[in-house]
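Working notes, beginning with the structure itself.
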Amino acid sequence: MADQNNSSTAGDSRSDTQDAEGQSTQRSQSSEKRSLLANIFPFMRSRQSSSLREDLADALSSTESEQDSAFSPEEKAMLHNILRLREIRVEDVMIPRADVVAVEISTPLWEVLELFESSGHSRMPVYAETLDDPRGMIHIRDVLNYITKQARQKTTRRTTARKTAETSAAKFDMGRIDLTKTIGELNLMRKVLFVPPSMMASGLMARMQATHIQMALVIDEYGGTDGLASLEDIVEMVVGDIEDEHDDEEIMIAEEADGVFVVDARADLEELTQKIGPSFEVGEHGEDVDTVGGLIFSVLGRIPVRGEVVQAIPGYEFHVLEVDPRRVKRVRIVPLSEADRRRQLRAVTTPKTDEGVSDSTPETTEASKEA
């Protein structure tokens, strides 16, 4: 009996050991499966997401008619812009520094009101000495609230049967407003966001929504101000330009007679090429610039003076119409005649000798023979 009990006990022990080993093996296999699935699922999700994006892009680029397509042209444009949004950085949507309308912190209230009137903006950055030392922003709503509170007469409470226009107007005395007070003294400044130019536009939009701040100053690596970005600028990348009844339409490219164009220096080179035609070839000078003003600066290496004629592109003359110390503003683009075009092309393509003097052209050769 003792032997049977011992053998039974030994058998049970071996069975328990086998069960434990089996459970350990199952747990190990289960852990390996979970690890494998954990690696596969993100890949599958990324593949599904990528496939969905590609399918949507294919649907938007299809050449189906408007009746057969699932999207209208307006919907296609917005969806295409949404897909492109993750590739757009803040520097692509910002207003360049030269175009930023800002106000100095010691500016009096009357001058601030004039700036709001002339610019048409509802917000303006505030700086100390230069725009590289920003202090915040000022909102037109805060200015109006201040004016209303200062102009309102403090009267005792009296119950009247009815209020007339005269009694309502008598509550306000505009003479009580001190228009000489500065922005710093009024204490009306709000916070502004500071972001790098490399930040994604979608990330800035999310940050603006979270902080309820709709203006950001773009700061470069040296701490200087590169430009300004607003929530409206980012939204316009998706839905297109947003203009209200007070916005004056800016004409960037205006065609005159005989193929002459008067353009804003901020006009896009690609859009200008589409307007003028294939003969307007930007070439290597346009590889690193996007605007007409940038092209002229790239060719000259400096800001031109008013009235200067720049040979920026073969076959065309750029007449500088308006300029300030920081940038070009307006340019007239004049096409040359065929003879002038040939001479200009020869001047551009003729190699120079070792002494730095161009080789003789056919015209100069004929002239030397006659001499």
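Backbone N, Cα and C define each Cβ position, glycine as well.
Bear in mind that the values here come from a model prediction, so they are computed numbers and not experimental data.
TrEMBL assigns the feature region 'Disordered' to residues 54-73, out of the candidate ranges 54-73, 114-133, 274-293.
The helix, strand and coil residue counts that DSSP assigns across the domain 'CBS' (94-155) are 26 helix, 17 strand, 19 coil.
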